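A.B. asks: According to Swiss-Prot, the protein carries these features:
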BINDING   C148, C151, C239  [4Fe-4S] cluster binding site
MOTIF     73-78  motif 'PP-loop motif'
Amino acid sequence: MNAPHTPHLNEAEAAAAVEANAAELGRRALTRREQKEAYENNKLFKRLVRQVGQAIGDYNMIEHGDKVMVCLSGGKDSYALLDILLRLRERAPIDFDIVAVNLDQKQPGFPEHVLPEYLTKIGVPFHIENQDTYSIVKRLVPEGKTTCSLCSRLRRGILYRVAGELGATKIALGHHRDDIVQTLLLNMFYGGKLKGMPPKLQSDDGKNIVIRPLAYAKETDLEKYAELREFPIIPCNLCGSQPNLKRAEMKALIRDWDKRFPGRVDNMFNALANVVPSHLMDARLFPFAGLRATGEADPNGDIAFDEDPCGTDASAPGGAKSVSIVQFDDL
């Protein structure tokens, strides 16, 4: 709405008129900087929603009638996961239910009121599972050693059980792109295997389907989103355990690469969805022993003496041909 033309007003009076007009509209006029921030924040929101929606569609993570159990730790990632899934559900062409679950492991200083108050406020069904795994871990793990591995195994088993009790058909975890690449590097550097963190898999007990809807999202975007949404973050080091130093090293490495070599981490992530078994060395994935020359050209055959061209624009996971069962209106 344009203000009426008043040629006799000086600059101060004109500014006052603009402020008064904004007040009449019930809000203060935004500065140019505020307008830019609002624009960037809106882009961030749309990007995250688009990435989560695409991941869900590419891997058929959520289907009609599903009951999705969102594992909520109180960290930025799980808050963002719940928030975005709730927004997507409003526009989804399918019906599915969401229940938030938190495992209270009785860590010293854990603010047990935070999550129930937050979830009640936003109107999301939730379940708090109280299990003193902290005492078990402290009893079994020597002082000074990281407790993360044992704690994770105990937590996983409990959450699988809770999913069955609640009738959940999918278990949603808050792992993102950076977590997936970190896991790939950890397995390569310390485990001697090409293994990442899949966006969808069957649990080791064979009874649950685990999904990671944030698989395409960058951690830096999730950090910014958590700040904008002002989630009541709960610290992740209440147990006093030493952090996983190897994973912290991979995280620092990825952050450094993202700054110094734009696109490198994206290409590493995309490589997980563009695997060529015939050009690796795993005989379980490709029948090297029985390979014979057929006399027919093979586009996937070895180019032998030529240098393999390195692409810098590897297509994203899912590719252009993927068909999403969940499509959302423009936001």
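Cβ from N, Cα, C; glycine included.
Note that the structure is a prediction, hence the values are computed from the model and not measured.
Quick one: where do these features end up spatially?
C.D. replies: Per-residue confidence over the motif 'PP-loop motif' (73-78) averages 95 (mean pLDDT, predicted model).
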A.B. asks: Checking distant contacts: for the motif 'PP-loop motif' (73-78), what same-chain residues at least six beyond its ends satisfy Cβ-Cβ under 8 A?
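C.D. replies: Sequence-distant neighbours of the motif 'PP-loop motif' (73-78): 102, 114-115, 173-176, 214, 219, 222-223, 225-226, 231-234, 236.
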